[in-house]
Amino acid sequence: MTPPGQLLPLARPPPAPPVLSSRRSRCPPPAHAHAVVSPLPPWRPHRLHGRFMPSPQLFWAPAWPPRAPTPPGVSEAARGEAQEAAVAEFVTSERVKVAAMLGLALALCNADRVVMSVAIVPLSQAYGWTPSFAGVVQSSFLWGYLMSPIIGGALVDYYGGKRVMAYGVALWSLATFLSPWAAGRSIWLFLFTRVLLGIAEGVALPSMNNMVLRWFPRTERSSAVGIAMAGFQLGNAIGLLLSPIIMSRTGIFGPFVIFGLFGFLWVLVWIPAISGTPGEHAQISAYELEYITKGQKLVKPQIGSEKTKKVPPFSKLLSKWPTWALICANAMHSWGYFVILSWMPVYFKTIYHVNLREAAWFSALPWVMMAVLGYVAGVVSDMLIRNGTNVTLTRKIMQSIGFLGPGIALLCLNAAKSPIIASAWLTIAVGLKSFGHSGFLVNLQEIAPQYAGVLHGMSNTAGTFAAILGTIGAGFFVDRMGSFRGFLILTSLLYFSSALFWDIFATGERVDFDGTG
């Protein structure tokens, strides 16, 4: 058995199937196939039964194929053709479709969430809400979000990510779609829809982690999380930039209706097109199925079994330092994330006296950068692991960049003299923050794949507490000190402390939480 954190050997890859097709082959190749085809070097593409067939060894790094030296006697054209085939296999694979659908779900998740940040001003004017009550409406989402991650994580571990994600998207889309109707009936009914939105969205990230664990080999998980989380960050930009445009044409509640309908459409595509595991997918090729299962240690669903039904060992989970490293990392990540998301428009307006529309543009750019760098970080992380870097060291490198980078950038933000310079430093801070997606967010799957959902729920709950505390704390600092500078310094110090704690206690190896060895 291959020790955790090491690559499976590439010297003897599984034999390629006789035909690459969109549907898995269920019958053995013809008996004459092996007699007709003579052995070829692993780098040379060849034809089998009239179809182009690159060597399976070229698929071990499909997300970003490495440029290996061309062997003697092999033309650059042949090498380039095989490399292109490797990229094509990855781009058209079923597992990439899963990652893309997850990214769309997370984009809707954040778009439905941040639309209230844009709508709160006209809603307050329309219904006569005071600033303090508007704050209550804004925070009502977090009330629900605080309750659901642990329960949602347990449901994901029991039922699988596909089913729980479908119910979650349907429920939060319904809550978003009904918000205009609820606001016209009762303020309590409107608050209920916001709480329901938070409850439903609490299952999104645990479901994403579960699907990545089941569908991707270990050497591609960071890239998969990068694709999914790129959608998550783009959802912020979509919500912040499109909501004012939609409101100007359809009214205050236009974005709620449109985003809700898109959520229902996503569910209609997700249910028939995606399966819970690769083995259940009718369209996956035999080669891709073998590549996935041999490149990962898949925790197979045991629905109905005694092991699945037992209560997760919360006391044992909390007794290990790697668990606390994850909890602290998620808490610090959420602190910085929600502080920047909630307060940066106000920061640009009060410090640099720009109007709200300009402030929205300055605040949206960092989320686009976070989406791009999040995927880049995933590719780099997977390349490090494929090239032999220890998994633990890789996770520590990625998370250190994700904490130290924003900490330094926020200190520089304090010294900025113009909104353009401030926006540049903020973009750097948020962009480098995305490296944490290849740190703690992937690490959840590695230390306890059988409890990844529960661990994600526990750390996400801590993150929600930190988000509430950070959002309130920012307002407190501004009221007492009349400036954001003191709070930015405090946040930087917390980033540096969290990086140190992570580097000491985190691990990329599986932790024994069941006491079996």
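Here the Cβ of each residue, glycine as well, is placed from N, Cα and C on the backbone.
Per TrEMBL, the features are as follows:
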type	residues	note
COMPBIAS	1-10	compositional bias 'Low complexity'
REGION	1-33	region 'Disordered'
DOMAIN	98-509	domain 'Major facilitator superfamily (MFS) profile'
TRANSMEM	141-159	transmembrane segment
TRANSMEM	164-181	transmembrane segment
TRANSMEM	225-246	transmembrane segment
TRANSMEM	252-271	transmembrane segment
TRANSMEM	324-344	transmembrane segment
TRANSMEM	364-385	transmembrane segment
TRANSMEM	397-416	transmembrane segment
TRANSMEM	422-442	transmembrane segment
TRANSMEM	454-478	transmembrane segment
TRANSMEM	484-505	transmembrane segment
Fill in: Other parts of the chain folded back onto the transmembrane segment (397-416), taken as Cβ under 8 Å at six or more residues beyond its ends
222, 329, 332-333, 336, 377, 380-381, 384, 422, 424-426, 428-430, 432-440, 485, 488-489, 491-493, 495-496, 498-499, 502-503, 506
Worksheet item: Against which stretches of its own chain does the transmembrane segment (484-505) lie, if we need a Cβ under 8 Å and a gap of at least six residues from its ends?
Response: 321-322, 324-325, 328-329, 331-332, 335-336, 339, 343, 347, 350-351, 396, 399-400, 403-404, 406-408, 410-411, 413-414, 439-440, 470, 473-474, 477-478
Discussion item. Averaged over the domain 'Major facilitator superfamily (MFS) profile' (98-509), what pLDDT does the predicted model reach?
Written reply: 84
